[in-house]
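Features of the protein shown, as given by TrEMBL:
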- 50-68: transmembrane segment (TRANSMEM)
- 225-252: transmembrane segment (TRANSMEM)
- 264-290: transmembrane segment (TRANSMEM)
- 302-324: transmembrane segment (TRANSMEM)
- 372-394: transmembrane segment (TRANSMEM)
- 400-418: transmembrane segment (TRANSMEM)
- 448-469: transmembrane segment (TRANSMEM)
- 583-922: domain 'PDEase' (DOMAIN)
- HIS673: active site, proton donor (ACT_SITE)
- HIS713, ASP714, ASP825: Zn(2+) 1 binding site (BINDING)
- ASP714: Zn(2+) 2 binding site (BINDING)
Amino acid sequence: MWAYKFLRKDTRLQVPTYKTFLKQNHDLLKLWYEEEQEPLEERVNFLLRCFRFGIYVLLIYIFVYTLIDPQDDYYSNECNKRVDCYTGCNMGYFPELECTQVENIRFKYNGIRFDSFYMYKRPNITKGQAGLDQYNSCKAYISNNAFYPFIPFLKRQAKLHTCFSYCINGDDDAIIGETRQYCTDLPINQRDQIICLFPSDQCEKTKLQSEVDIADGIFSLAPGIAILAAIVVTPIQFIFEFLCIILAKLRIKSIDNTWQNCRVLLFQVFIILFFVAILVISIAFISVTISAGRPELMFPTMALAVILDQCKSIGILTLLYIIIVRRFGFLQSNEGEYLTPALLETPKQEVWIPKLKVFCLKMLESTGFETLSMVLISFYTIFILFWLTMADIFSIDEQILSKIDTAFLTMFFTEIILKSFASNFMYLVDVFNAFDAAIVLISEVLNIIGIIAKGLGVLRLIRVVVITIRKITGNTSKLRHQSKNINPVESVMKILQSIIDLREISQSIKKEAKWAIEIIESNKLYELNFDMASEEKNMDVEAKAWLNITTEAANDTTQWFERDLDDFLKEIHRENDEQDPNKLEEEEERIKQILNVQPRMWNNALKMMDDFDKWDFDIFKYHENLGEATILHFGFKLFQIYGLLEKFSIADNNFFNLLTQIKNSFYENNTYHNTLRAIEVTRNFHYFVKHGELMNHLSDLNIMAAYLSCLMHDLGHPGVNNTYLIATKHPKSIRYNDKSVLENHHCAMTFKLLLDPQNDIFELLSEAQYWNVRQIIIKMILATDISHHFDQIMAFRGRLSTKKFPEETNEDKQLILNMVLYASDHANPCKNSIQYFRWMAAEMEEYYQQGDIEKKLNYTVTPYFDRTTCNPFVYQKGYISVIVEPLYLTLLDFLPAQCKQDTWTKGLEENKALIEQKIEETKNLVNVSMSTHELVQD
């Protein structure tokens, strides 16, 4: 690939990134990755890539075979003469058993000791014995003994002999340690007898002086041959690769140009013949190896040569990248310049690999798989303990134990491979996981090659203990976490820098982007920067400066623009809220096409949407029906209900990408703070908007900002709270100065997604609208910090007591939005008991997992986070009385009576009574933490 591009003038100066260069040129990476940077018609599909890689491997095998130069075919043919002689002897004397072993004859011939022969007498034709010709042939083999090849480093002749004379007649001068009698001392009828080797006697096999035996000769390696093969095959591979690229690029441009078309055809025939020749030669060599050779030497040496070849390729390609592609650093990567938008937008054709990863991820994270894994670990623990302590007492064969151990290790090794594959190999970044994989791999290899290392049993026992502790504490490395490891600040910086690098962007925007980078780099992101309002323009410079320093409104960008636009937008389309049925049906069909949801799932979702506005809408059933598509369906339906896609000209593709990124940004292994929880909170907010008549006070822009805040208010939640992050001096805590750490993190993650050009749903908003939305989202998310609980309630009560609330001000709108989101986030005890206890089970388990981690790190366990001492019902009682009741009492004073009936009377009051009942039932139990898993069934 690199040579072809270098030789062409139009691609000579194209400089891909090092990662892309390896993907394009390294054999294994070319096999695995689709050729995304090539035009669709020139891409090689996966099957052909496998075939191409297979040819590489076969080429290496041909060179390994040639360099070893095995004589096994010749050896086998010579040793087959033993079979012919033994068969002729038995047939000639049948039914008499004359071909029996000869006693007391042994000698050393050309370095080989012989001590096992059978007597082959000359057939007596007068007695009707047949087989004289075969006897004479076998006797003639004696004359070949002196001419068999000598193996210098073994200091002996190749063991290919078939027969010797029965007595000493002077034709075998090389024999040492003679035990035969002289022919002159024997009767005449015995002098013409011969002695032959049994067919079962070991035949010579090709052996190299440099080969290394492994596991008592079960496997052998020739490292020198492997290294030489990996080097010698390089130019042939290069030529073959170059021919393949040319073949992929060749196209018949015109049917009128016969000669050119014939050349293309001839070239294709040549390549096919080249393929066929390699296949035929390889099959011939492999068949000889399997039938008469030493596969235990050939195949391991070939495997070593392939590994060395791939390692060699990385080194060579690195040098080529530095010297030829980068011209010793003179050229910089310009991948973004030569890749056309059409090429970048070409969809991947091979989607089975991502789908397979998702399938593996779901399987590995399922409860059933975790249970099976723990069962296997438990049995393996018992097995290892038995092997280490009691196997000798019961005199159990080590080989049997080794086979059982191999079976367990194979299952564990398969699990590690699947986890590594599902997490893009980030699973192995974790030190414990890498240690675990190393123990399993070493143990598996040693078992396969036949080395029973009992001492490794101790290491395996340590492995079992580590895994058990990590599974119990919940401190396992989540695969979804490991599949992404991106610093939000770095991502934002890269986005801003990419804006600066774009030629199409105006200088004013580039200047603002540079200013944003300077602010982030100088750590002034959260410092005040207040531009004076119009009525303060007459103030002197010193007064303005002090006001900028001291006011909390300094960073309020809503003061930068006139607000009449937002008020105008609030009235747009409101009189036409009742949508045209035909238009609604068209919208439904359009969303159905976008989401590509199965008809059954779509129809079930449509039926469930009849209850969408009700307080007790079953979000769990909704999720069970739609699965991974839940957030997509929810987001599109919600924005359709309020007409936000049309009002703000939001592109379907951008909104789809945004919802997908929101889903991917949640750690789905979190039992509580996950995508489903975000959907539940957003749906609760929708209920309050509909039944709380909040549309009378909010604009469409407010509504859009609010729902984005709801969906993303827990974005990237790590499953632990602010207290833990501060106590452990976590980088996020340091970054945000221990103030609303998670909430600030959620804000940063939110705008990381919203500012991504692929997710940009604000592209047609005015600058004023964007800054207004940004302020609303930031303030709403920061207001979810529970440490501001009483401040928020008191502020809302204070405004509610003025009788003028709410006024048409940004402050009052923001106060409503903050309060409703906060209430939506703490709505669990106000749901029906089934949903409440299901959410409580998930919430408590996440808290217990944090408590387990705190114990392991020797930190003080957060109150009620210790699964061994906490009564979850007591915790919920306190949570309701301190958090939920004051919150809802305040908010419901502002909302219509219907909201109080649904949330307080039918929800909170009934659940309070149920909690008291549960406390009474469990007050005498030592540990009731696990009962949260059974709550759904109550």
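Every residue, even glycine, has its Cβ placed from backbone N, Cα and C.
Cβ neighbour counts within 10 Å, taken over all protein chains shown, single out HIS713 as the most crowded of the recorded positions HIS673, HIS713. Separating the Cα atoms of HIS673 (active site, proton donor) and ASP825 (Zn(2+) 1 binding site) is a whole-number distance of 11 Å.
Counting every protein chain shown, the number of other Cβ atoms lying within 10 Å of the Cβ of ASP825 (Zn(2+) 1 binding site) is 21. Long-range contacts of the transmembrane segment (400-418) within the same chain: residues 360, 363-364, 373, 376, 379-380, 383, 387, 391, 427, 433, 436-437, 440-441, 443-444, 447-448, 452, each at least 6 residues beyond the stretch ends and with a Cβ under 8 Å from a Cβ of the stretch. Listed as Cβ neighbours of the transmembrane segment (302-324) (distance under 8 Å, sequence separation of 6 or more from its ends, same chain) are residues 2, 6, 18, 21-22, 25-28, 56-57, 60-61, 63-64, 221, 223, 225-227, 229-231, 233-234.
On the 0 to 100 pLDDT scale, the model's mean across the domain 'PDEase' (583-922) is 88. Spatially close to ASP714 (Zn(2+) 1 binding site) yet at least six residues away along the chain are PHE666, HIS673, ARG677, ALA678, VAL681, HIS746, THR784, judged by Cβ distances under 8 angstroms. Apart from the site residues HIS713, ASP714, ASP825, the chain places the Cβ of HIS673, ARG677, ALA678, VAL681, CYS710, HIS746, ILE781, THR784, LEU821 no farther than 8 Å from the centroid of the site's Cβ atoms, the recorded Zn(2+) 1 location.
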